[in-house]
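Chemist: The structure is given below, and queries will be raised subsequently.
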């Protein structure tokens, strides 16, 4: 008896379709898309300087000359991702191309982009900017660190409280616009989540994969290493490093990544122990295929799904770790982050709801969104659930 | 009232799922008399089990519906009973045993607790002691040694055959009028199967119960059935008494099924057998000397090795070019381990394996790689034998690339397409994923993968065991054709004696890691020298008695 062809979809496409089936996931992905959009285009969304300006017959874009290295890197990476999304190459190939492109962009941006060291936002509200014939301002005409001293802002204004200039989410104690700070803070939360988890994932897959494939002595040594790393309290290690080496976002990413791989390694190990006995892996060994091919082509793609679920929870964890650190006043100083904004809310003399609700809500929704995506993904790859819905 | 116990009239069972309607059982009618056995035979997916579950009303009502038909059991239409009334019937008047004795028993309850629980449910007037006494009787009936002790053991302490006996004891404890047995011996070894079948027959004689017996094995059918129903695509294509259906099948499908049994397949004429006397002069392709594969049993804090499981124990064997060597034995006898150790997929504890006089044991992975292309393996389970994430094209061309077969990818793809043609698949199938194929098709692809390096020797590890008989026949014929074309040497690992007789010219019988007997297939199968081989052969249920 020959069965009819079941489906022409590849396995990844099938999983993707199943993941997207729920409403919660669609909302979560929309929320993340919004955050990514805000993070990439932050200088164009919330800034004190005009996007375009016509002064004495001369058209200029002041915002471009003030773009920082990070701004350029993010824009370049997003642009590259957009371009690659339209190409027809296999997913994995496009991912590696994107990664290589990002490295080039980082190097180029560091070499070429030289923004002015000092920005005085008051200048943008005086001539020649204020006297220009025509100018196009960003939707939120305040930079995150623009304290609006020249317009006598007293700080701590509730949303819509003041006449003349609108602050949708109010201002904080220094007089800076909360919404503008929220938008710029997306970057830290998104990047720390993705980069820290990325570092953890790479270490975890390699160590866990070797442990699972070789088992025996290597497995035993690996497990001991893993237990050592599991015993390191990440928060206290972060505190120590901040105390000794000062505050740095990149250092936080590395530390969270280097201490966070143990869970992934356990996942990969158990998957590989199981996969090693699968007939197709045995067949690959019997065919004399080289070890990297067996590990990364025949085993990893079949064992990676539970790992990706774990990663989505890990990203949420990293965001929380950064928020915790900033909340304790040990985060990054110069750029706003959601945790730091919460810290400000707690430290201000009176309770100002708009300073706590917006960053707190953003952290909550982001972590919640990652968890929802993780859960939907876990259900999508579970063959038992899949059979229920398609048998 | 007549002696008809169960009368199924025009029964249809439709299964609804995800918007699709499957006519799992489609308008079938048959009757079962008191004290008789009715065998439902058919290939997988033919609706045999759904019929049994319909009689038990065990199908979830959310997905199953019976648009028409009646199931008259002792004058009552089962389909019209309420759920509470049905509970009184289920277990006490109709009992069921399943295929998998491992998963049918609760692992955290003792055997005694499970039997008495079932008893008390149906006969609440019993005291606990009476129930235990009845459980003991039931266990004695199914001929379990030391029944008093067994009452207090847990399922994992029993062997597969004993578990199935416990299942039967549970089913019989309430003295049902009808026993439904859904493939009760499929998961068991032949010798155990023979015991269980004998037990069921004697119980039926003593208790006068009827049996609805579901199986795919015609050998079992011929041993058990009074009458037979052959099912296909949910329809009953032929019903009749056992001897009528087996001796003179009327329906073309029944004929085809019977003809595809390995013992009925026409032996190919061009079998190249190596004359026995020539063996002394020819060089063996594979030479195994005193091979041991032992798995350590480790215990305690420091994982001290306390003992070994001797999966392969001092085995010496020579395989000559062109031979089809069948390795036979029951589960756990070490035949699969031996096959894998040959390919160095399992590290031998000691002993030598030579391929064309080249020592394989002790070689490093790198040194072994160029030799790998001479020997390949095909597996039993069509589900796990192909990487679900890779296109068939990748699965077939990657080993070629590693071993330098074909100059470029284009050429390798052409070779892969040829391979697919030679296993009777279409070259288009290169661009598909494994989940798009049926079990038989996947086994063909598995064969194509084993062939892609032009090996001289292939280990076929139970490659037809998971397949229906008709598909098995196709695969076996294909294997013989390919073998003749490519002058292959095969090590065919199986537990199916019918397949051995059809295919092989040399048979090796293994028991508890040791080779018990070996010789030309005809000699071993017709006049075995060792008592174990004789016991194994006599346990195989055969159709021959009817032919």
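Using the three backbone atoms N, Cα and C, a Cβ is placed for every residue, glycine included.
These figures come from a predicted structure and were not determined experimentally.
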Chemist: Pick from A:235-260, A:261-286: which range does TrEMBL record as transmembrane segment?
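Modeler: TrEMBL lists transmembrane segment for residues A:235-260.
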Chemist: Please identify the range among A:20-46, A:128-154 that TrEMBL labels transmembrane segment.
Modeler: A:20-46
Chemist: Counting only residues 6+ away from its ends, which parts of the chain sit with a Cβ under 8 Å from the transmembrane segment (A:188-214)?
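Modeler: Same-chain contacts beyond the ends: 35-36, 39, 222-223, 225-226, 249, 252-254, 256-258, 260-273, 275-276, 294-295, 299-300, 307, 311, 314-316, 318-319, 321-323, 332, 335-338, 362-363, 366, 370.
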Chemist: Quick one: find which recorded stretch in A:20-46, A:235-260, A:307-333 has the most Cβ pairs under 8 Å with the transmembrane segment (A:353-373).
Modeler: A:20-46
Chemist: How about long-range neighbours of the transmembrane segment (A:20-46): same chain, 6 or more residues beyond its ends, C-beta under 8 Å?
Modeler: 63, 66-68, 71, 74-75, 78, 138-140, 142-144, 177, 179-180, 183-184, 186-187, 189-191, 365-366, 368-370, 372-373, 376, 380
Chemist: For the transmembrane segment (A:235-260), find every same-chain residue at least 6 residues outside the stretch whose CB is under 8 Å from a CB in it, and list them.
Modeler: 188, 191-192, 195-200, 203, 229, 314, 317-318, 321-322, 324-325, 328, 330-333, 335
